[in-house]
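Going by TrEMBL, these are the annotated features:
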- 1-13: compositional bias 'Basic and acidic residues' (COMPBIAS)
- 1-22: region 'Disordered' (REGION)
- 40-62: transmembrane segment (TRANSMEM)
- 82-102: transmembrane segment (TRANSMEM)
- 109-127: transmembrane segment (TRANSMEM)
- 133-155: transmembrane segment (TRANSMEM)
- 187-206: transmembrane segment (TRANSMEM)
- 262-282: transmembrane segment (TRANSMEM)
- 313-334: transmembrane segment (TRANSMEM)
- 346-369: transmembrane segment (TRANSMEM)
- 376-396: transmembrane segment (TRANSMEM)
- 441-461: transmembrane segment (TRANSMEM)
- 467-486: transmembrane segment (TRANSMEM)
Amino acid sequence: MKAEVLDHSRGHDSSFLGPQAEYNEEEEERKYYRRKRLGVIKNVLVSVATAGLLQMQLILHYDMTYREVKYSNLGLEDIDRKMLMGINVTPIISLLYTPVLIRFLGTKWMMFLASGIYALFVSTNYWERYYTLVPSAAAIGVAIVPFWASLGNYITRMAQQYYEYVNYREEHVQEQKKLPKGACHRYIIVFQSVFSSIFNLSFVFAEFPMRFVLNGHLNTNKHILHSVKTCGANITGLIPGFNTTILERLPRSMLLIEVESILMGFAFLAMIIFLLLCGAAYRPTEEIDLRSIGWGNIFQLPFKHLRDYRLRLLCPFFIYSGFETMFAVTGFSLSYGVCVLGLDKLWLLIVVYGLSCSVFSSLSLSLLYFPRWVCLVAGAAVHVTLIVVLLALPLRPNNPEMLGPLLVISALWGLGSALNKTGVSTVLGLLYAEEKERLDFVYAIYHWWQAIAIFIVYLWSNLPMRAKLSILLATLLVACYCYWLMERRLLKKVSFRLPRIPRPRHKVRRKRRHQR
């Protein structure tokens, strides 16, 4: 009897542990990595969608009309200037702490923390006081560069991971070795294009409150532009003579609270999505290795990476990238758009700009077939032409007939911006595609220079428009020349200096066993 039971159990074990006729190892691996690839695509779409919502919140809060409506009846006129100072000045020192924060928290958790700071800024608007708004604005300034550096790093890492999941049978993927040169370039191009296309829609969403809430409360253009004498390249500052009483009637306080609550909901939604749906950018062992090189080395490495002539020669393009975006949403939209068409058309100019950026970001997919310099050179050519046109265009205030030409200029500027921004991010990803342990340093340098450019735009707000356009043109020409030098050196195979990243130093704690 015992022998029968033993034979039966052995037969059952062998049928359970033995080779299964229905089990196909290759098919199961294919299904697993198909799920992983879909997970990577989800991470990219979620990150760009939440970034768009955060950008919508920021643009709304920086809008001049919205701030006037919120603060004019509270006697807090100087808070706007101090908030902008906090947002624009604090990123100057961000290169000192950005890599340390990203390595300490991890890429995903850095994005989550930054979205929490944005949510804090939204919540402080329920109680508008100096001690709530100004500190929260300074906190946003602290978080801007780490957030964008983490986001750039994250998108590039998702492209690399997607390559690994598609080619999981390759030996270098199985053994987690450095990727072959150029192996994941096509994925970086596609992912950066998708990111830019979806994210630039945030400019469109940001104008919904302006269009559906504030436009119905604005005064007539004749009243708002009554004292404005000239527009375009001939003015000094933004809009000299712009009327300070732009509202025909004040919006209901409850209406503003409802708008604020919707933005607060979006901010919390972004935090939840980052927390629950975005996967990690690195494997757990990789994150441990990234932190284990020593905090002193992490602090120094961004500065040491500037020895690489590729990064140094791309710095003018980093600066111009900050210049041209701020000029589009402030200089052109106000000094050309609002001055000529009126404040009620501001939303239309920015919506056209955002849609143009979103649609034309897909042109970066041409890098799959053409050299990497095509996007940057094409975007520069468009912007050079438009700057010359803006310098020569004669404009007068309150002239609705110029709506068509200004919308065309806004759309073309969006075309140049799309090619410029997507081109810069893609070029960085392609140059450092095989150096995944350096991505956070590289993107921190990129967005730090952008923050410096935005600070310069904040300082030059009172300069003549011709001076601003001349600075834009000079910066763009210098950027093109430096980029040509970089490509020429790479073509001649001039070696570049990459700082050595120390080997991880893992601390091993030994426990002493006390024997009694």
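Glycine residues also receive a Cβ, built from the backbone N, Cα and C atoms like all the rest.
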Looking at the stretches 82-102, 133-155, 376-396, which one shares the most CB pairs under 8 Å with the transmembrane segment (109-127)?
133-155
At an 8 Å Cβ cut-off, counting only pairs 6 or more apart in sequence, do the transmembrane segment (187-206) and the transmembrane segment (346-369) clear the bar of 3 or more pairs?
yes
Are there residues at least six beyond either end of the transmembrane segment (467-486) with Cβ under 8 Å to its Cβ atoms? List them, or say none.
233, 309-310, 313-317, 319-320, 323-324, 327, 331, 373, 376-377, 380, 383-384, 387-388, 390-391, 460
Residues of the parent chain within Cβ reach of the transmembrane segment (82-102), under 8 Å, 6 or more residues beyond its termini
62, 110, 130, 133-135, 137-138, 140-142, 144-146, 149-150, 153, 295, 298-299, 301-303, 440-441, 444-445, 448, 451-452, 454-455, 458
